[in-house]
């Protein structure tokens with residue numbers, strides 16, 4: 001069944017087709033079938049929040065955050081597959097590729113397609129694309145996308161005036177040909193990243209704010225990102241090394257900053273030989289339509305940096321950057337820089353390309369990145385470069401390359417201020433390491449090992465991964481020690497009483513939820529683990545909900561910060577989960593009691609609630625409602 005039929009229904013599809021045939025020019029029905037590579041990208045931006053209270057007011061409003069995160073959009077693009085040049089050893093677009101470089105879905109539609117077909121960045125597909133001639137009303141489409149996303153996740157996507165990218169081609173069908181392998185989950189061997197940072201220069205557009213700032217030099221960016229005496233404490237190397245316990249390396253030998261990289265403001269890519277097509281010139285001057293097909297008899301793709309920020313412009317940036325880097329190698333291949341750069345360019349496993357764009361570029365977002373990285377290269381873009389938050393923004397986008405989703409709290413997409421994937425606005429120059437679910441997701445951390453096991457061992461952490469099977473004889477497990485997250489990598493307790501066991505394929509009750517309990521300490525050492533954590537979460541046990549697993553092909557799960565204590569929302573040292581109805585011995589609730597906290601650990605008791613609200617079984621010798629009282633000791637039984 002085609003994607004169009006799935007989305008709109010057979011009757012609607014036939015009606016739309018009939019209307020198109022009646023009214024559209026001949027080229028509106030042009031279809032392209034070929035082999036392409038899929039990329040899912042995530043964007044966010046900063047905005048100024050509204051005043052704390054509207055004017056006029058006699059006293060100034062209270063101090064507030066100067067900027068807040070805004071969700072921008074998720075975008076699904078089809079690009080040419082990457083291959084390796086047999087002469088140079090560099091990655092390149094497959095010269096046999098005949099698919100356009102195009103956005104095919106945005107917003108909720110992009111997520112739906114990705115999740116339904118389990119698409120990972122770098123997957124190679126056989127696709128049939130139909131050119132889109134008339135874009136939908138962008139404000140209506142954006143509203144529908146926001147509504148669908150809110151319904152799917154339960155989170156509020158803060159309103160934004162930015163339009164969703166308009167798909168340039170409609171995805172009619174797809175079939176997976178080659179799936180990329182998972183590469184971003186730690187499996188016992190440190191991941192040594194190769195990274196090139198490109199400082200981009202769009203001064204050819206002759207517009208203010210489109211040149212690379214004179215103060216933004218390769219030397220400055222290198223100093224900002226690598227460990228050194230003059231580096232900010234949240235430099236990228238320190239971020240990766242500290243938060244991953246050195247499981248991910250940002251080695252100076254595999255890192256370079258290049259630029260400024262000049263890019264022609266307007267240009268095009270010569271098409272390969274193919275049957276003639278009706279002409280489709282670039283839009284007229286002043287046109288607001290940014291995303292009609294860029295393919296015609298003159299160009300296989302064209303771009304205009306002064307007006308647009310589509311897949312075509314992004315590919316123009318990347319082509320110019322790669323050509324710039326390769327030219328440096330060609331000029332002096334035997335120099336230390338030439339050899340180092342050539343080695344990075346020829347690396348075939350998840351090379352990171354970070355693009356620092358001029359602040360005036362025609363993009364609505366502040367940061368934009370590939371979500372997951374399995375192809376030879378993956379990209380992260382930042383618009384502008386601020387000494388205040390540049391490293392936080394870049395780390396956020398870099399962790400999208402790792403496959404991490406946003407860290408939320410309740411209905412707020414970026415509401416978790418304990419994770420760089422959430423609200424990092426108050427982290428300043430400190431490190432804000434990922435929360436427990438995200439640390440587990442990429443293999444940087446795991447549940448606690450059995451007492452007595454030394455830190456940083458290969459033990460799996462299965463001892464602290466609790467299911468219904470752990471509570472069969474006694475509902476209480478007392479005296480569990482949760483180490484501070486920065487002290488060792490087995491540092492969380494995971495509880496899912498709706499699961500029979502942790503075994504693959506084990507029975508689970510409908511609605512089963514895993515809860516992650518972790519302990520965070522604000523590090524007062526500059527550049528130390530969690531040195532960017534706010535005092536709100538210092539010496540706190542955090543409770544997150546997360547049902548994801550360690551797989552890059554399991555989509556749709558985001559961590560959700562529920563509460564933190566000892567002083568939980570219950571105004572006590574106790575947190576209680578919602579109750580899940582019993583089914584085949586699975587389900588119930590979870591109660592967490594914080595007994596003590598220190599500078600290095602928290603001690604907690606955990607109980608499985610089998611009777612909701614009050615004790616009903618008064619002669620079984622079990623504290624079924626987890627109030628600490630059994631049978632006749634419980635007032636419920638008196």
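Glycine is treated like the rest: Cβ placed from N, Cα and C.
Positions annotated as Zn(2+) binding site by Swiss-Prot: 97, 396, 400, 406. Positions annotated as compositional bias 'Pro residues' by Swiss-Prot: 270-284. Residues annotated as N-linked glycosylation site in Swiss-Prot, with sequence analysis given as evidence: 30, 126, 296, 458, 465, 470, 523. The region 'Disordered' feature in Swiss-Prot is assigned to 269-292. Annotated motif 'Cysteine switch' per Swiss-Prot: 95-102, in sequence order, evidence recorded as similarity to another entry. Sequence annotations record features per position, and here Swiss-Prot assigns signal peptide to 1-28 based on sequence analysis.
Sequence features, as recorded in Swiss-Prot, placed on the structure.
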| residue | record | DSSP (3 states) |
| --- | --- | --- |
| 30 | N-linked glycosylation site | coil |
| 97 | Zn(2+) binding site | coil |
| 126 | N-linked glycosylation site | strand |
| 396 | Zn(2+) binding site | helix |
| 406 | Zn(2+) binding site | coil |
| 458 | N-linked glycosylation site | coil |
| 465 | N-linked glycosylation site | strand |
| 470 | N-linked glycosylation site | helix |
| 523 | N-linked glycosylation site | coil |
Tell me which of the glycosylation sites 126, 458, 470, 523 ends up closest to residue 97 (Zn(2+) binding site) in space, Cα to Cα. 126
Report, in whole Å, the straight Cα-to-Cα distance of residue 458 (N-linked glycosylation site) from residue 400 (Zn(2+) binding site). 26
Rounded to an integer, what is the Cα-Cα distance in Å between residue 523 (N-linked glycosylation site) and residue 458 (N-linked glycosylation site)? 26
Looking at the glycosylation sites 126, 458, 465, the one with the fewest other Cβ atoms inside 10 Å is 458
Counting Cβ atoms within 10 Å across all protein chains shown, which of the recorded positions 30, 97, 396, 406, 470 comes out on top? 396
For the C-alpha pair, I'd like the distance in angstrom between residue 396 (Zn(2+) binding site) and residue 470 (N-linked glycosylation site), rounded off. 36
All-chain count of other Cβ atoms within 10 Å of residue 523 (N-linked glycosylation site): 20
Give, as a single whole number between 0 and 100, the mean pLDDT over the motif 'Cysteine switch' (95-102). 88
Compute the C-alpha separation of residue 458 (N-linked glycosylation site) from residue 465 (N-linked glycosylation site), stating it in Å without decimals. 16
